[in-house]
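Structure record follows, encoded as structure tokens.
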Amino acid sequence: MAEITQIQVESHVFPPEVKPPGSDKTFFLGGAGVRGLEIQGKFIKFTAIAVYIEDDAVSSLAVKWKGKTADELTDSVDFFKDIVTGPFEKFTQVTMILPLTGQQYSEKVVENCVAHWKSVGTYTDAESEATQKFLQVFKNVSNPPGASILFTQSPLGSLTISFSKDGSLPENGKEVIVNKQLSEAVLQSIIGKHGVSPEAKKSLSARLSDLINQHENPKKE
């Protein structure tokens, strides 16, 4: 694989490789960017977000996406869906630029997830139970600037949630929630069709386009 570089988002530097909690594998940095909102004519940056994926992702994505440019990938809803739902592990690090309580963060995530699931008719008791667990994990968590919320997503359907105050990664997660829809929804909310970080999407497209197009012999599914 081509050399993977670090990415700096505001004052936070995301390293090229990490070993996330809840996995025994090393992941490479797929892309990173800010999440912000336009408030009274000014762009306010709330979090810096990095998306890491395991090495197997490149050969998996190359089957369908080899030969595409970074711009073509950025404009493709299906490309990001294939990252979210692909048969490989993903790790997302959400680092605070401005302080945000765990309750504020988790309630917004759950609100968006439930609205989407209801709109497509996939909201069941299992999802209701999973979102309640999700809210509980974040209940008394404070996230000052520099603190991170960490998500390790298994293709088997588990979501490992962890926290870090100083940028270091703990060995073990705080909670594991087994629900495939919730597991995928967290990353979907960041890089999906209405993802909250267009900058992270562009970064992913540019870096993965290079890796995919350099990849030899894409495997057939």
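Note: Cβ is positioned from N, Cα and C throughout, glycine not excepted.
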Revision key, fill the gap. Listed alongside Thr47, Asn112 for substrate in Swiss-Prot, from Ser168, Ser183, Ser189, is Ser189
Practice item. Round to the nearest Å and give the CA-to-CA distance linking Thr47 (substrate binding site) with Tyr105 (site 'Important for catalytic activity'). Key: 11
Exercise for review: Please determine which of the binding-site residues listed here (Asn112, Ser189) has the lowest count of neighbouring CB atoms within 10 Å.
Suggested key: Asn112
Practice item. Give the sequence-ordered list of residues that share a chain with Tyr105 (site 'Important for catalytic activity'), lie 6 or more positions from it, and have CB atoms under 8 Å from its CB. Key: Val94, Phe138, Asn143, Ile149
Exercise for review: State the count of C-beta atoms found within 10 angstroms of the C-beta of Thr47 (substrate binding site), not counting that atom itself.
Suggested key: 26
